[in-house]
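Per Swiss-Prot, the features are:
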DOMAIN    5-70  domain 'J'
ZN_FING   143-221  zinc finger
BINDING   Cys156, Cys159, Cys209, Cys212  Zn(2+) 1 binding site
REPEAT    156-163  repeat 'CXXCXGXG motif'
BINDING   Cys173, Cys176, Cys195, Cys198  Zn(2+) 2 binding site
REPEAT    173-180  repeat 'CXXCXGXG motif'
REPEAT    195-202  repeat 'CXXCXGXG motif'
REPEAT    209-216  repeat 'CXXCXGXG motif'
Amino acid sequence: MSKRDYYEVLGVSKGASADEIKKGFRKKAKELHPDRNADNPDAEAQFKEANEAYDVLKDPERKAAYDRYGHAAFENGMGGGGGGRAGGHPGGDFSSAFSDVFDDLFGDFMGGGGGRAGARQRATRGADLRYNLRLSLEEAFAGLHKTINVPTSVSCTSCEGTGAEGGAEPTTCPTCSGMGKVRAQQGFFTVERTCPTCSGLGQMIKNPCKTCNGHGRVEKDRSLSVNIPAGVETGTRIRLAGEGEAGLRGGPPGDLYIFIEVARHELFEREGNNLHCRVPVSMAKAALGGAIEVPTIDGGRGRVQIPEGSQSGRQMRLRGKGMPALRGGGTGDMFIELAVETPVNLTPRQKEILKEFDEISEENTNPETRSFFSSVKSFWDGMKG
């Protein structure tokens, strides 16, 4: 039976790059793996075919020969780049073809790395940590230095992070020679498993540290001084490199990320770098106009001139009285929104004065009222017609 085209076998085009060829083989290898095809009697042959195709196409010289001569390149001793394979046969060494994707492939099946992973697992980077920090709006405005206590894992001082009693260096695992994985031949397939002796670490500790039980780190609360810049807002993230969890067995530490939450303020509402403040004013002040004092976020006072006849909702701006920009570039503004307050709990004299005021008011005294009821009258007249 004639052989299928190698590119077709891997599901890639003839112009595929080396990376695309590798991805194609990895996909096929996962599809045809025996753990997933126990009921498919053809899976082994198809897997062998994919391995043979990848063995050729991953090698630039052998790929060039195949592109020029096809399968004939490896018949009758052709295919000069065969390098030690009898007759230049492309499928002679399963392990060599598979080794460069073994880590990724079996990591999916067994939850770990491949045969070279053990060396990396000896020293593992510590996890990144998150710390939520709640600030007042005043603190966010001014910035501050704040001391926080972070529960984390720190390097064990008893063993200097090695996990071994007295700080002794771990020894290489004799079973896997430090690789963290062992290989077993199962018929046609070579399967990698986590080393049972060292549990995939590639190392052994004869006398584990009694303080950290061989982990090289211990749980502890750390006190850190953090610089919070002026202008932070809810969602701002501050990264402290190397202040996260300590690494395993001498590995580098992770990072600490501080997430800022700014509490709501009783007077000010923030919108970007601008602040809004709703200020109640008396009916008389709104009608007659005049100056009022308003609070500012820095603890000071701002002076605002209210025009005569101001209505609720009118806004006035105090420039430069908002929040500082986090990365420089000036300061926001503060917007004053007037809320005209209708008087309550009136004395008899006050009621008398208001009645007199209403009686002597002219049509143009309350233009909005006049305009509204004029529209209402037109509406009713239209309904009658």
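Glycine is no exception: its Cβ is also placed from the backbone N, Cα and C atoms.
Just so you know, of the binding-site residues Cys159, Cys212, the Cβ with the fewest other Cβ atoms around it within 10 Å is the one at Cys212.
Across the range of the repeat 'CXXCXGXG motif' (173-180), the DSSP-based residue counts are 0 helix, 0 strand, 8 coil. The Zn(2+) 1 site is defined by Cys156, Cys159, Cys209, Cys212, and by the 8 Å test on Cβ atoms against their centroid, the other residues of the chain that qualify are Thr157, Ser158, Glu160, Gly161, Thr162, Gly163, Ala164, Glu165, Pro208, Lys210, Thr211, Asn213, Gly214, His215, Gly216, Arg217, Val218. Geometry remark: Cys156 (Zn(2+) 1 binding site) versus Cys198 (Zn(2+) 2 binding site), CA distance 21 Å. For the repeat 'CXXCXGXG motif' (173-180), the neighbouring stretch richest in Cβ pairs under 8 Å, chosen from 156-163, 195-202, 209-216, is 195-202. Distance noted between the C-alpha atoms of Cys212 (Zn(2+) 1 binding site) and Cys198 (Zn(2+) 2 binding site) is 18 Å. Residue counts for the domain 'J' (5-70) under DSSP, split into helix (H, G, I), strand (E, B) and coil, are 49 helix, 0 strand, 17 coil. Not a single one of the binding-site residues Cys173, Cys176, Cys198 has a C-alpha within 10 angstroms of the C-alpha of Cys209 (Zn(2+) 1 binding site). When the Cα atoms are compared, Cys195 (Zn(2+) 2 binding site) and Cys159 (Zn(2+) 1 binding site) turn out to be 25 Å apart. Neighbour density for Cys209 (Zn(2+) 1 binding site): within 10 A of its CB lie 23 other CB atoms from the protein chains shown. Helix, strand and coil content of the repeat 'CXXCXGXG motif' (209-216), in residues and according to DSSP, is 0 helix, 0 strand, 8 coil.
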